[in-house]
Structure formats: structure tokens, C-alpha cells
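Colleague: Feature list, courtesy of TrEMBL:
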type	residues	note
TRANSMEM	A:20-38	transmembrane segment
TRANSMEM	A:45-65	transmembrane segment
TRANSMEM	A:71-89	transmembrane segment
TRANSMEM	A:101-123	transmembrane segment
TRANSMEM	A:129-146	transmembrane segment
TRANSMEM	A:153-172	transmembrane segment
TRANSMEM	A:178-197	transmembrane segment
TRANSMEM	A:218-245	transmembrane segment
TRANSMEM	A:309-330	transmembrane segment
Amino acid sequence: MALVEQGKTVAQPWWFERITAPWWVLAAVLLTMPVWVNDFILFQVMGWTFILGMIALSMMFLAGYGGMVSLIQMSVAAMGGYMVAIFGTSGMGEISMGLSWWLYIPIAIVIAAIFGTIVGALAVRTEGIYTIMITLAIAAAFFYFTRQNYTIFNGYSGFNLVVPPMLFGVDWRQPMPFYYLSLGCAVLCYLAVVYVARAPFGLALQGVRDNPRRMAALGFNVTAHRVAAYTFASVIAAIGGILLVWQNAQIAPGTAGIPAVIDILVIAVVGGISRPIGPFIGALIYVLLRTFSPDVLMAFGLSGERFKLLIGLGFLTVVFFSPDGVLGLWDRWQARRARSRDPLTGGET
Amino acid sequence: MTLVEDTRAADRLGSVSSGNALELRGVTKMFGALSAISDVTLTVQSGERRAVLGSNGAGKTTLFNCVTGDFLPTSGTIRLFGEDVTRFPAYERIRRGLRRTYQISLLFNGLTVADNVYLACRGVSRGRFSFLRPREDDALLTRADELVEAVHLTEWRDTAVANLSYGQQRQLEIALALAGAPRFILFDEPAAGLSPAERAELVAILRGLPGHIGYIIIEHDMDVALRVAESVTMMHNGRIFKEGTPEEIENDQEVQELYLGDGHG
Ligand SMILES: Nc1ncnc2c1ncn2[C@@H]1O[C@H](COP(=O)(O)OP(=O)(O)OP(=O)(O)O)[C@@H](O)[C@H]1O
Ligand SMILES: [Mg+2]
């Protein structure tokens, strides 16, 4: 009773009052970015950051909230991308059906979600390392299948000339429109994950992560909950995959090859899987390294191809010094700052 | 304060089913070659309060695990409120009004006290898969807060479970078992490790439960067990050894030799 009365007397803050200053700054920076950076940064750096961030976000949702490390997310994204090419238009007129965007986009998301759900249904019966292995095996199978299948996936060459629809007279593949498109999708996916994490579904998923046995003893169907988490994550991965195929204007088996699958894992781990912002931080670091380290390497007389080595070393460093990624580093730094500011709270935080 | 919500609904359900909350027939559970419980036949009526006693390794916890569906029994049948639930998954049994606490706390360490109790309330109601956050005045949130208060954890409602003391975790265990409309509860050594004051509190909570709620309590502390139970089952080596009223058990020669003498009392 006391609780309800309290709610009446104490003025509830508006939702935007709860957003802290750093988020306002970030929003301002992201919204005004096209004014002060060039098209290359917009399209190649930020576009890729949002896309890879979304796909890694779907992995973070499963790993961070569900305790399930799934390596299938890149394949689910690619499935979404392939379906856009197959049901929409591409350079492969014999296969592509040329449906309009309001049909092929939902179809692509639904098919990718079904694919992710089926993989989830197979994977949720395993735990830990076995989940990683079974999802990796299916990801590998998906790669080889798309490479060998010519009737649907057009085998080795895949699909080219897959571009976004000319909606509202805008060419969405131009750097600035694409920047805002991918930013909008990334923000929506991010907010969806933040919101769902505190909804009964997300809370129950965290319960399943912490203690599946107790969840069953509270009346939850743990298996169904895990599978549903795969479905939700697949929708996010599929949106990322659709943007990815538009960004590349093409899709081929290599899009979801094993290196790409591992890249998503690296991005999620480097960023940190404890909060949904982590994957985007990881994606930005990855894309910056990928984009600029070849120049740096060549300045030192090394082959530009070696940027993977840098990324691998960065991955090792992070895993070694901060298993919870850059987010973990940040949290510990904040905690230390808070402690040094106030000697009274010098204890454990 | 009422600890248990919607007693009328639970009473209604209770009157439909048979008079027995729990009926075990020849339940056996093997772990490899070891039979943790053998041929256990046991009936507990609706609303009955039973204590299960027995030395370490007697099979008491295993009995609970079979009843809740944490483990499937190797053989035998289990009926809950007249319904054969032997092959039901745990969550189906819980949704029928069964609850339990664990001997070693099984909580959600990454979540707060309030979230733990909210999950318990959500698990036995609809909307388990809801993607919509509960409103501020959501009935289940209010209900969860009442349960948190009933076990004296209001001050810690926003604390992560990992940061609670042992005694507080034990109290949270009890709150989780009281969520929703329980009809029959299995308490696995709820008093273990509690201070005398906390024990008295526990006894008060148990005695304050509405009459239609039956339970089985595993308890080594005879003082607690005899104050909260009207009948007693003794287990030994995985078998039921004696059943009777607390007085009969206390005065039984064999029981005294076997159990009360070995330092548990
Ligand atoms: N999961 C398991 N796997 C293998 N053996 C088990 C398992 N659970 C229990 N046992 C064995 O079954 C027997 C009964 O154990 P149980 O935990 O039911 O005893 P208990 O009466 O609850 O004892 P305590 O008073 O110590 O809690 C013991 O010998 C135990 O080692
Ligand atoms: Mg036990």
C-alpha cells in the first residue's frame, strides 16, 4: 500500500529526465555527424559499425542475458540478406523474384527468424562449449551449403546489385541517407534490447541464465524461453543482415564464412557482453582497426593484409586484461574514480 | 498481512480435486547403482503439515526432487492433487500449485531481491513471455513487494542477491516458494544456518500460512519440526522407516536409537 501512495505524492520524472548527460552528447554527436565528417567515414566506418554492432548485439542478447554463446548470428544475418536478394531484385534475374520492398523485407526477417529459431531449438539442449560447437558447425554447414547450392543461393558468386529501394525519392545507398538509415535501425534494435531486458521475457531470460533449474521450479518452461530468445535475437541479426547486403550491394557465401562468424564473436567480446552498448563499442573498434591499420602497418613497411594480426592481438589483450571487454574496463575505471573521490566509500563497490 | 494471495481461488481448486495433496506409490530413484530412495509410498492430505526426518543421506532431498520433477523417478508413480504427474516437467507441477525451497539456496545471483520475487510471481501467472514492461502499479509488482516485506528484506529489495548474507538468502528462498497461490509446499531444511531469532520468525511464517496450504518440511532441528508439523515421517537409508504423530515418533524406541541418539536432536 505504502508503495502506491508514494507514487502519487512524489512527482515522477519525465522519461527524458532520466537520460544522463553522456547520452545526450552521444545523440548530438551521432545526429550531427554528417555535418563534420566525410562520406567515407559516414558510409565505410559508421555504416559498418552500426551493421556489425547490430549483429553482435544479437549475440550479446543471447550470451549476456541468456548465457548462450551462439555463433550462428552472422549466418542468420546472411540468411536475411540472401532473402532480400532472392525475393527482391538483384543482378541475378533468373533467381530474384523482384517483389516490392514491403513484401521482401518482412519475408526476409521472418525466414531468417525461422532459421535462427530452428538452430536455437537444436542448440538449447546443449550447454557452454557445446552450444558454441553446435552453432559453429551449423554456421559452417550454412557456408558450404550456400556455396554449393546454385538453384537458390547462386553458389560461389552469390548475388550482386542488391540495393535498397528508392523510397521517398531518396537513394538510400548514398552515404548520408544510408548513415541515417543504419543509425535509425541500430538505435531501434538497441532500445528494443534495453526495453525487453526489463520486461518479463528478458527478466526471465536472465533468470534462466543464472539458474535454469530454479526457473523450472518457479513455473517457467526453460527450453521454450531459450528458443524464444533465439527468435528475438534472430530478428535483430536479420535487420543487420539486410542493411549489410545493401551496404555491400552484394552477398556471397563468404559474407557468413567462418572468419566473419568469428569476427562477430571478437566484436562482442572486445566490446563486452554485459550491456547492449558493448557490441557497438566493439564494432567501432573493429571497423577502425580494419579501416586504418593497413595504412599504419604499411607505414612501418609491413603488409596491409596483416590488420587481422592486430585485431587478433587486440582480442588477446582484451580477453587477458579484461574478460568483460572494454565495458568492463570502463566500469572498473568508474568505480575507482568514485572511490578516490569519496574516502568514506572506500570499501568494495 | 496475508502471505498468500487469492486463497479463495486456491480453495476452489482444492475442493475440486481429491483430498490428497500428494500420493507417492513405490517411488524409487537410482543414481547408478545407488538407490537414493527405494519404494517410497507416502500420502499427504490437502492442508496437512508433515515433517520428514532422517539422517544425512537418508534420501529426503531426493524425495523432494522426485516430487517437484527436478529428477524423474526410476520407478513408481506420483500423484499431485489426484492427478498423475509422474512424467510431467517441473514447471507443469509448479503451475498446479506445488512449490519448493532448496536446501542449498538456488537464487538468481545476478538479479535484485525484487526481481527474484517478481520472477517467482510471474512464473505462476500468465504473461511469462510478455515483451511489455509491467506498469508501475502492476498487481504482480505490488505482490512481489509484499512478499519481500513479509520476509523482512524490504531494505534490500534493490540489492543483487549475490550481495546478501546467508540468512537473507534463506529468507528469500522462502519468499520465492510463497509466490502465487501455493497449495502445497516442500521446505528443504529452511531453518539450517538461521539464528534463533530468525528461526522464531520462520516458525511464525509457517504457522501463519492459511489452513488450506499443506507442506512437508525437512528439518533436523526437532524443536522447529515439532512446532510446525502435525505428523512426522522418518526416513532411513532411502526408505520410510516410521510414520506417526510427533509424540509417537518422539517416544518411539527404535527412532530414539536410530536418530535422536546420533546427535542431530
Ligand atoms: N544428483 C545426485 N547424484 C548422485 N547421487 C546423489 C545425487 N543426489 C543425491 N545423491 C545421493 O543420494 C543419497 C541421498 O541423498 P539426499 O540428498 O537425498 O539425502 P538427504 O536425506 O537430503 O541428506 P541431507 O540431510 O544431507 O540433506 C546420498 O547418498 C547422496 O549421495
Ligand atoms: Mg537434503
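Placed from the backbone N, Cα and C atoms, the Cβ positions cover glycine too.
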Colleague: Near the transmembrane segment (A:101-123), which residues from the same chain, at least 6 beyond its ends, have a CB less than 8 A from one of its CBs?
Modeller: 68, 70, 72-73, 75-77, 79-81, 83-84, 87-88, 131, 134-135, 138, 164-165, 167, 226-227, 229-231, 233-235, 237-239, 241-242
Colleague: For the transmembrane segment (A:178-197), name the stretch out of A:20-38, A:71-89, A:129-146, A:153-172, A:218-245 with the most CB-CB pairs under 8 Å.
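Modeller: It is A:218-245, which has the most Cβ pairs under 8 Å.
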Colleague: Where, among A:20-38, A:71-89, A:129-146, A:153-172, do we find the most CB pairs under 8 A to the transmembrane segment (A:45-65)?
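Modeller: Highest pair count goes to A:71-89.
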Colleague: Could you tell me what the rest of the chain brings near the transmembrane segment (A:20-38), counting residues at least six beyond its ends with Cβ under 8 Å?
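Modeller: For the transmembrane segment (A:20-38), the list is 46, 175-176, 179-180, 183.
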Colleague: Would you kindly list the residues that approach the transmembrane segment (A:129-146) from elsewhere in its chain, counting only those six or more residues past its ends and only Cβ-Cβ distances under 8 Å?
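Modeller: Here the qualifying positions are 68-72, 74-75, 78-79, 82, 119, 122-123, 153, 155, 158, 253, 256-258, 261.
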